[in-house]
Amino acid sequence: MFEVENLQVSYGQSQVIHDISFKANPNETLAIMGRNGMGKTTLFKSLMGILPSSASKLEVAGVDLLGNESYQRVAKGVAYVPQGRMIFPNLTVKENIETGLKVGKYKEIPDEIYSLFPVLHDMRHRKGGNLSGGQQQQLAIARALVTNPKVLLLDEPTEGIQPSIIKDIAKVLNEIRKMRDITIIVSEQVLSFTMEIADRIIVIEKGKFIHEDLREAVDADKIKKYLTV
Amino acid sequence: MGDFTFQELTSILAMQGFVGISLFSVLLLMALGLAIIFGQMGVINMAHGEFMALGAYTTYMLSMFTRTHYPELMPYYFFFAIIASFLVAGIVGYLTEFALIRHLYKRPLDTLLATWGLSLIMQQMFRTFFGSREVSPALPDWLMGSWMPTDSIFIPINGMFVLGLTTVVTFAVYYLMYRSSWGLNVRATTQNRVMSGAVGINTKQVDRLTFALGCGIAGIAGAAFTTIASTGPTTGSLYIVDTFMVVVFGGAASLFGTIASAFTIAQAQSILEFFISSSMAKVLTLLTLIIILMIRPEGLFASKVRK
């Protein structure tokens, strides 16, 4: 269970995330949708401890995260796949995944990672920076997964990636959730991708949650209206 | 050059080449530390030369101590001196990072000034405690003398020892950086600090240990330095410029580049020094360096990936 209450984030004097509260359950995929500049990435960075924030409650499975630095949050079960992937370009694919092994229960890269992403096994000795965008995205997800997270945060995983790989990523995310019993929180602008993976959709606008729906009850046209400029 | 016979020329080349190798060893040890620190934290450590001097003075102190209290241990003390130099320089480096450097990350100019100030402070402390006269530790007998492969070639044993030491340290650094999990942390942090934190690496701790390690290696360089020259308060500052040249020329993040560039610069200088004056030798080396850097701004061996 991932719980956030009254989260506020400010850049200098201007507050950009206003009192956001939400809960997400294990084995649930929660999508946060919104246009550019509405606060998705800011929200994710603050959850990860990259940006300073204040909140009245921030817990993973009952363990408090408030005031923790990024690496401490990772140790407590939060993993992060940032926008733009941010893999380590000069490390090999294998080394990239191994950076996530500092925490969590694994001593070496578990086989299931390579069975989820066979392409990474084929390319494990190549430099991360020489992979295509889609492959880098898979690498970033693999790196996050080896920390054995309870909550996986994915910031716009489909940005700049070709449609066939977007489908693969959706499939993998659904598999991971089945396999690991984890909470996935994903920020997105692409509704079709979201509909394939999410159980619940929240719309963010100007740093506030303005709409929430279960997938079954989603009115696609209404969400689309929020997403178009 | 017409005054030399062919045999004399080969001997000169071999001996000057070996002087170059001694210079190469010290430069490489210095550059390794500097490159690790610069690569990891983007901090240009102007006091790096003083950490070398610190190692040299540690060796000197230990030799004095051994000579007065345990003269029978004189043949062996040097090995302990190397370890002690590493530890002393490393611990001072650790404290420096804690007290000074960590407050100045993301402010490269300020770290430059702060470490330069630190270098002045350290120089004055050396002057106060050890005097401004140059000192040399009493070296064990087995480090003296030279090996003569032919009648006209003298290869000094201390030079060979320093070369051996440098080889060991270089391999140790290679192993630590490219084969250990700690090295993986360092390389990840070098490339993307924020993201390294977000995959669970304690980047601040990595910084502190890296800085300590870099300074410790400079300390070893200092211990090695005592075998080939005497140490004064400003010894460090004489070597820092050459060391920077090595790091820039080699490409900051590449171990192999650092080795190749230290070798090239040291050899070019010491061989040229024999035929022309040493300042002309430096001018020539620098000019060549500038031209090469204009063609390859990222240094000799920068690794290529998609940005």
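A Cβ is built for glycine as well, from the same backbone N, Cα and C atoms used for every other residue.
Taken from TrEMBL as is:
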| type | residues | note |
| --- | --- | --- |
| TRANSMEM | B:12-39 | transmembrane segment |
| TRANSMEM | B:51-70 | transmembrane segment |
| TRANSMEM | B:76-100 | transmembrane segment |
| TRANSMEM | B:112-133 | transmembrane segment |
| TRANSMEM | B:153-177 | transmembrane segment |
| TRANSMEM | B:211-232 | transmembrane segment |
| TRANSMEM | B:238-262 | transmembrane segment |
| TRANSMEM | B:274-295 | transmembrane segment |
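Contact between the transmembrane segment (B:76-100) and the transmembrane segment (B:211-232) is present: at least three CB pairs lie under 8 Å, with pairs separated by 6 or more positions in sequence. Cβ atoms under 8 Å from those of the transmembrane segment (B:211-232) belong to residues 22, 25-26, 29-30, 32-34, 36-37, 40-41, 43, 45, 48-49, 51-60, 78, 81-82, 85-94, 96-97, 101, 126, 132-137, 139, 143, 156, 158-159, 161-162, 165-166, 169, 173, 176 of the same chain, restricted to positions at least 6 beyond its ends. Stretch with the most C-beta contacts under 8 angstroms to the transmembrane segment (B:153-177), considering only B:12-39, B:51-70, B:112-133, B:238-262: B:12-39. Beyond its flanks by at least six residues, the transmembrane segment (B:112-133) meets 43-50, 53-54, 57, 60, 96, 100-101, 104, 232-234, 236-237, 240 of its own chain at Cβ-Cβ distances under 8 Å.
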